[in-house]
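Novice: I grabbed these lines from Swiss-Prot:
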type	residues	note
BINDING	Arg43, Glu49, His50, Asp52, Asp190	alpha-D-galactose binding site
SITE	Arg43	site 'Transition state stabilizer'
BINDING	Gly143, Ser145, Ser146, Asn233, Lys234	ATP binding site
ACT_SITE	Asp190	active site, proton acceptor
Amino acid sequence: MATESPATRRVQVAEHPRLLKLKEMFNSKFGSIPKFYVRAPGRVNIIGEHIDYCGYSVLPMAVEQDVLIAVEPVKTYALQLANTNPLYPDFSTSANNIQIDKTKPLWHNYFLCGLKGIQEHFGLSNLTGMNCLVDGNIPPSSGLSSSSALVCCAGLVTLTVLGRNLSKVELAEICAKSERYIGTEGGGMDQSISFLAEEGTAKLIEFSPLRATDVKLPSGAVFVIANSCVEMNKAATSHFNIRVMECRLAAKLLAKYKSLQWDKVLRLEEVQAKLGISLEEMLLVTEDALHPEPYNPEEICRCLGISLEELRTQILSPNTQDVLIFKLYQRAKHVYSEAARVLQFKKICEEAPENMVQLLGELMNQSHMSCRDMYECSCPELDQLVDICRKFGAQGSRLTGAGWGGCTVSMVPADKLPSFLANVHKAYYQRSDGSLAPEKQSLFATKPGGGALVLLEA
């Protein structure tokens, strides 16, 4: 249940090769044995892209890949972080002087986000120190939310070290808020599914208030992740934050057009809620109120009756101050149509008609087209990969995660899975230039996994 704390489970470490290896590496690194372990999963968003931060429901599931941290509280105030991957250097600092550098999305900063979120929630000035060894098997910058899984894992680590309790919902909200310390204006989907996920089911995640509903996926289909091998680091690019701002500006212009108090409006969902109309009707309002040609800052100011200075200081975020072009019509059209597709997807899953897989696949395909054409968050490699997946039997295929690289998710009839994997591997990954990542991490079927939990050695 969402109101419960994350589970604590006792395990025989010797029976779990990854845990055993982590324990041995921890002992080698710190000269002691971990007191406990925490795991938090990555996720794949099946449908509902770039709409969580606009206030709309999304439909993700946790993947089996996760971040796993071995932890030992210490009596000093020193925080020592190490990673099993040599690409990520060791880091140490005082637990009472947490500094997060927004300009550098270094791996340890994501841990610090989770720690700081819990510290601030409880208003603690003195935190106990800890030694932590991090191991992750979620491909980084792939759109499977490795960074948010690390934030969530660190939040639960800190909570456990403190001996405090919070519900899964509270933890998800704290971690979503604290990830913004690193400059990412996300909406909370990644953190919510990391805590609220349950094995065997996808979840409809709703916001304000945060809640999760089981969505039973079709039994005759398998979801396959395929990595384009184009890395996209969310916090290191302005693309993501520009989209957040375009949605905010679109919401304000739509509110002004409908004579609402626009200055209080931040999200596209708020406009719909205030007008009390359907998503389909909101698409018609968007057609009337906004034009397809890009807006410049001066035109936005004219529409809202404000100065450029007011636009910059009161509305734009620090990292969008210098943007000269805003595509408001396209972004609003994507958000309202994608929000409708999420609800249709859930409805089809509930009603389970005979042609369920075909109908769900069509929604996934429409979602990708909207991400590509209206939200412009795809890239040539993702489009090529989606085409290949559909060609070899996927009923639906789309980019998943922020986009601009990362992964696709495809819904494949279970009986076609072996030939699908073989053909996609041959068509996309077996290239003469040898520049792509190992296929094992890049192409795999997945089923809904469980959420974050604490592991104690039995």
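Placement of Cβ uses the backbone N, Cα and C atoms for every residue, glycine included.
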Novice: Where's the emptiest Cβ shell within 10 Å among the binding-site residues Arg43, His50?
Specialist: His50
Novice: What's the CA-CA gap between Ser145 (ATP binding site) and Arg43 (alpha-D-galactose binding site) in angstrom, rounded?
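Specialist: Ser145 (ATP binding site) and Arg43 (alpha-D-galactose binding site) have their Cα atoms 6 Å apart.
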Novice: Is Ser145 (ATP binding site) helix, strand or coil when read with DSSP?
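Specialist: In three-state terms, Ser145 (ATP binding site) counts as coil.
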Novice: Please compare the binding-site residues Asp52, Asp190 by how many other CB atoms fall within 10 Å of each one's CB, and tell me which has the fewest.
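Specialist: Selected from the binding-site residues Asp52, Asp190 on minimum Cβ neighbours within 10 Å: Asp52.
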Novice: For the recorded alpha-D-galactose site formed by Arg43, Glu49, His50, Asp52, Asp190, name the remaining residues of the chain with Cβ within 8 Å of the site's Cβ center, in chain order.
Specialist: Asn45, Gly48, Ile51, Val58, Pro60, Ser145, Gly186, Gly187, Met189, Gly401, Ala402
Novice: Can you grab the distance from His50 (alpha-D-galactose binding site) over to Gly143 (ATP binding site)? Cα atoms, rounded to a whole Å.
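Specialist: Counting only the Cα atoms, the answer is 12 Å.
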Novice: With DSSP assignments reduced to helix, strand and coil, which class does Arg43 (alpha-D-galactose binding site) get?
Specialist: strand
Novice: Please report the distance from the Cα of Asp190 (alpha-D-galactose binding site) to the Cα of Ser146 (ATP binding site), rounded to the nearest angstrom.
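Specialist: Counting only the Cα atoms, the answer is 9 Å.
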Novice: Within 10 Å of Gly143 (ATP binding site) (Cα to Cα), which of the binding-site residues Arg43, Glu49, Asp52 do you find?
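Specialist: Arg43, listed in sequence order.
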Novice: From the Cα of Ser146 (ATP binding site) across to the Cα of Asp52 (alpha-D-galactose binding site), what is the distance in angstrom?
Specialist: 18
Novice: Take the Cβ of Gly143 (ATP binding site) and count every other Cβ within 10 Å, whichever protein chain it belongs to.
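Specialist: So the Cβ neighbour count for Gly143 (ATP binding site) comes to 30.
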Novice: Using a Cβ cut-off under 8 Å and a sequence separation of 6 or more, which residues in the same chain sit near Glu49 (alpha-D-galactose binding site)?
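Specialist: In sequence order, the residues whose Cβ lies under 8 Å from that of Glu49 (alpha-D-galactose binding site) (at least 6 apart) are Val58, Glu338, Ser367, Cys371, Tyr375, Cys377, Arg398, Leu399, Thr400, Gly401, Gly403.
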Novice: Please give me the CB contact count at 10 A for Ser146 (ATP binding site), counting all chains in the structure.
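Specialist: Other Cβ atoms within 10 Å of Ser146 (ATP binding site): 22.
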Novice: Among all protein chains shown, how many Cβ atoms are found within 10 Å of the Cβ of Ser145 (ATP binding site), not counting that one?
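Specialist: Looking across every protein chain shown, the total is 33.
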Novice: Between the Cα atoms of Arg43 (alpha-D-galactose binding site) and Ser146 (ATP binding site), what distance do you get, rounded to the nearest Å?
Specialist: 8
